[in-house]
């Protein structure tokens, strides 16, 4: 679609994405511009790759950046790429607004958080996965034992059925007090 | 009831003060006439009068506060500020009647207020400012603080001026500028009043911070407006030129930004100073306070906003100082701040009431009514306009209810009053009316709104502040959400608050932390997460402390491979965490908290030491026992030397100060333990009833572990035990008089272990054990290898237990030993000690050195409980015959 100069999405696609994600067409256009900006390496195809996402300086510096990009690419994209529609779907989960679609519910957000932990998709966070996240987040050269202690403690806190893994229900229950909806939302520019 | 009593006492106290005053004057005059003689004693009130009065005020304030809080019903209905004002009114009335009101010390003097009373409150507010909500809502806060205050001032000023032209004020002339001066001082929401009210109603953080932040930051605006109109009034309305207005507007930026800048500079300098206070930790709190105060004074000196300065100074300091200073200093700082601000707040409200009673009033009904009404109306209008405006960019929109509470929470207070007091009557002729109206507004807001806001919040169902314990998972996920949102904002290219915060955090870590902290934080290390973990550890340790008796068996069960605790053994929610924490770490480390700090820098060694000390002083029962327990394990497998050394080492610096207070707790807990202990013995007895064969140490360990586990299960059904225990308790007393074997032993040993309070539960255990235990030697022996499993069990019973297993000659010996007054009063049989003690002389030596006889004498009784188990190791060394007997018993 006019690869050299395409700054605009096809109208019908735009509309379908809008209705699906709840973005206004203005927001979506802005997002599309951003999407193309990110895809500098390969401007012609409508895809973003892992590397392109990691090119963003802040993302690569962020302790969870790598993992997040993994989640986005693997869970929402296909074949290590993500197209604009999928991209918009990811972001739509964090859209804050009056209109609630089935994308930006609290549960979706919790699931997204959960999927950051749960990389083997067995809908359980086991000790190993938690350790991985903790290492990324705590950073520094902290002794493995300490990290293990923290991980064990965390699991014990959340784990209510004693199987030493955290299921999604257990995960949600302990986060009931945190205003996930509020924290996991952002304003998209118009 | 309490209320009335304390009030009477307070009045009496005051009467005493007044009496003294008169006495002084009389004696003074009296002395004049007499020839000068040497006085044996002199009454010299003048010498101390001012300070004396101040001190008495502070005392009165504190006593009043104490008194109010004795009555739950009173403080539930009325906010403290109302009660204090009322008290002030009463005292003021008394002073007025006695014509002492002219005395300077009794009137709220605006210098006193601004120089002494206000700064601690604001500093405390800044120091404990919840940073995250503050900065998240900064836009809204600024909008409200600046624009809304301006809006209010203008509207109120115009309204009053407008009504001044009608006959509603009784034809008293009000000129325009003085109206605006008054509007400037009356429109600002007062941080002291807001703080006092909002801390009691516990609304959610966001609402609180919006109102409180507004009240703090509007100081700049109100100060500027007040000064501007005040000086305009002095210049005279007709002499004003445009330039004055421009300069006035300009001065707003100078005052606000200047205040913030001064605050930040002093805060940074204070942090920098604490970098070097390693060797003088005593001064650390002082340094913090002095720098903050200096920030306030400096900004007052250069007439910028002192409130802003000290707020930001506190906020900056809080960020860095706590990493530098010692934990004690940190706690001290926080406590001193809380204390100062609390007493200052009390005094301010009292003075408010006090100053009301004076002759400097001029009541003008129309004016007062119009003022109150316009304050209310424009507050609501202003909030409605600007909150809706703020909603345009806010992520979490303010609801109608939020807005209502925000406008209702717009309390006026002492700042307005003090500003009214320092008006110059020659330039502003209506000063008296202004003061009266200010007081009326303050009283209206504090009383009417302050009292009703609590019920209002309740009935409107405003989201309350959630008081939650910090959990590691919550913190972790919170952190994670921040990171994720930052990333997503970057990816989506819409730079939101998250990415802004991330940038600030990077800046903070890369520059400020590096310059201001003693230790440069490690690259990319998340200190906060670690801190949370430490805090949680600390809290679990506290819980262990509080439920120490209940927990005692858990370490042993946790020493079991994790599978034991991984199954459904969750005795109670209180220490589930800790036991599981232990489970995760054992058998290598009995107290994982300590291991956690090991591999960090020197600072963490200090933490380590403090943690030691803490656990030491509080867990003294559990810990040495744990060591003993480990030792008995060590006999078979030579591990754990490290942790054991720690226990032994720490045993030396045990703090005895804590023990008296522990005594009562121990007493109360004793009951519980009696229950659980008896349950454990019984169930373990039933399980291992058949195991009567001779046993070795490792077997004993197993037994006790089993019993510990069974005990855990038993905890799930406490009521039955409670009941049975009650019955036992009732029956235990008479029955303990006639135990089958050694009738006088329990009675004799009781006074030795607890002189003052004879403990009943242990006696009940005696019965239990006698019933259960006689049949099975195995269980009792298992218990003996775990002496801590039983509380202060009278030793005659233990002797009785040892009889089936051992030989009676031993018992005779130990009994005679106990009856010998020269020997240790804590009578113990050899059976109290497993073979582990006897096999390790160096271990005994360790304890032999620690428990010196005189040390023991000075100890409170509760120590004896523990000594009972330590002592005889002493004795066994002295008494070789008994030592031999020990071996005989334990080895069988």
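Numbers run from 1 along the shown chain.
Heads up, the Cβ atoms here are built off N, Cα and C, so glycines get one too.
According to TrEMBL, the protein has these features:
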- B:678-692: compositional bias 'Low complexity' (COMPBIAS)
- B:693-704: compositional bias 'Polar residues' (COMPBIAS)
- B:724-746: compositional bias 'Low complexity' (COMPBIAS)
- B:71-458: domain 'Cation/H+ exchanger transmembrane' (DOMAIN)
- B:658-760: region 'Disordered' (REGION)
- B:867-892: region 'Disordered' (REGION)
- B:1-23: signal peptide (SIGNAL)
- B:49-70: transmembrane segment (TRANSMEM)
- B:82-101: transmembrane segment (TRANSMEM)
- B:113-129: transmembrane segment (TRANSMEM)
- B:141-164: transmembrane segment (TRANSMEM)
- B:176-199: transmembrane segment (TRANSMEM)
- B:206-226: transmembrane segment (TRANSMEM)
- B:246-270: transmembrane segment (TRANSMEM)
- B:304-323: transmembrane segment (TRANSMEM)
- B:335-354: transmembrane segment (TRANSMEM)
- B:366-389: transmembrane segment (TRANSMEM)
- B:401-422: transmembrane segment (TRANSMEM)
- B:434-457: transmembrane segment (TRANSMEM)
Check the transmembrane segment (B:206-226) against each of B:141-164, B:176-199, B:401-422, B:434-457 and return whichever range has the most CB pairs under 8 Å.
B:141-164
Restricting to the same chain and to residues at least six past its boundaries, which positions have a Cβ under 8 Å from a Cβ of the transmembrane segment (B:304-323)?
114, 118-119, 122-129, 131, 134, 191, 216-217, 219-220, 223, 254-256, 258-260, 262-264, 266-268, 270-271, 274, 288, 291-293, 295-298, 330, 333, 508, 512-513, 516-519, 527
Go through the chain and flag residues at least 6 beyond the ends of the transmembrane segment (B:141-164) whose CB is under 8 A from any CB in it; none is fine as an answer.
134, 172-174, 176, 179-180, 182-184, 186-189, 209-210, 213-218, 220-222, 225, 366-367, 370-371, 374-375, 378-379, 381-383, 385-387, 389-390, 406
With CB pairs under 8 Å as the measure, which of the listed stretches B:82-101, B:113-129, B:176-199, B:335-354, B:401-422 comes out on top against the transmembrane segment (B:366-389)?
B:401-422
Run the contact check on the transmembrane segment (B:176-199) against the transmembrane segment (B:401-422): 3 or more C-beta pairs under 8 Å, excluding pairs closer than 6 in sequence.
yes
Determine which recorded stretch among B:113-129, B:335-354, B:401-422 has the most C-beta pairs below 8 angstroms with the transmembrane segment (B:82-101).
B:335-354
So which residues does the transmembrane segment (B:113-129) touch in its own chain, when a touch means Cβ under 8 Å and the partner is 6 or more beyond its ends?
191-192, 195, 212, 216, 289, 292-293, 296-297, 300, 306-307, 310-315, 317-318, 333-334, 337-338, 340-341, 344-345, 347-348, 351, 414-415, 418
